[in-house]
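Undergrad: Below is a structure I'd like to ask you about.
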Amino acid sequence: MLFFLLLVTSLVASTTFAGNFYNDFDITWGGPRAKILNGGQLLTLSLDRASGSGFQSKKEYLFGRIDMQLKLVAGDSSGTVTAYYLSSQGATHDEIDFEFLGNVSGQPYILHTNVFAQGKGGREQQFYLWFDPTRNFHTYSIVWNPQRIIFLVDNIPIREFNNAEKLGVPYPKSQPMRIYSSLWNADDWATRGGLVKTDWTKAPFTAYYRNFNANACTSATSCSSTTKNDLRDDAWRTQELDAWSRRRLRWVQKNYMIYNYCSDLKRFAQGVPPECRPSRVH
């Protein structure tokens, strides 16, 4: 199984994407610490003692598939967080998160995921990865449609969050969201609960981005129809996990998941959230 996953990883890494960072994103903070290079094909974010940096998409999206290739901060990344997520704005915002929590040299990153709907989050799942995310670029994807949200790493599903509105659980479905990413210092909590601090002698810390692709509806585009000129693959509109994908999901969650809010009985002593019923995969 691991051999197959590594084979899929190598194939996905060679996929060609069409995005250009000059056209698709704005640098929003950090000044010269954020750079667009190679004619818009590469973006880098850096963190030093004075500041981190970040960017956001020019467009908002309402459902779709978002892909980005990242290569994370190498070496001692303790205390740093590289965040890559979709979000709307305001107190009742929606949000779909990838956050990469740094660690000391030789220790694995923690991939933190979360889903917010109408301002309410608390749906965390955390994973180790089956590769070193600092050595090469890997593709991190979000599939978001009215039925479910699927988190993928190199096209391998690691998490599925189903629409459970019939159980009274809010679901992100009406607020267009921008893509955001940032690299920042969070040494009060990011590594071993804040016990390990950022080693500023290793600064600047740098993360790398390439091959962005958004196959998605924008806030100005109706998701209910496809124009004659829209030749994009729209499989994401109804995408779900087939039997093979579900086996891969179970493999990742069995071997690499280190936290699941649905299993945290200390946190939910009065009963887990309704979407955490055993028949559901989140």
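Including glycine, each Cβ sits where the backbone N, Cα and C put it.
Pulled these from TrEMBL:
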ACT_SITE  E95  active site, nucleophile
ACT_SITE  E99  active site, proton donor
DOMAIN    15-209  domain 'GH16'
CARBOHYD  N103  N-linked glycosylation site
SIGNAL    1-18  signal peptide
Undergrad: Do you know offhand how many angstrom separate the residue listed as 'active site, nucleophile' and N103 (N-linked glycosylation site) by C-alpha?
TA: 25
Undergrad: Non-local Cβ contacts of E99 (active site, proton donor) (under 8 Å, 6 or more apart, same chain)?
TA: V81, T82, A83, Y84, Y85, L111, H112, T113, N114
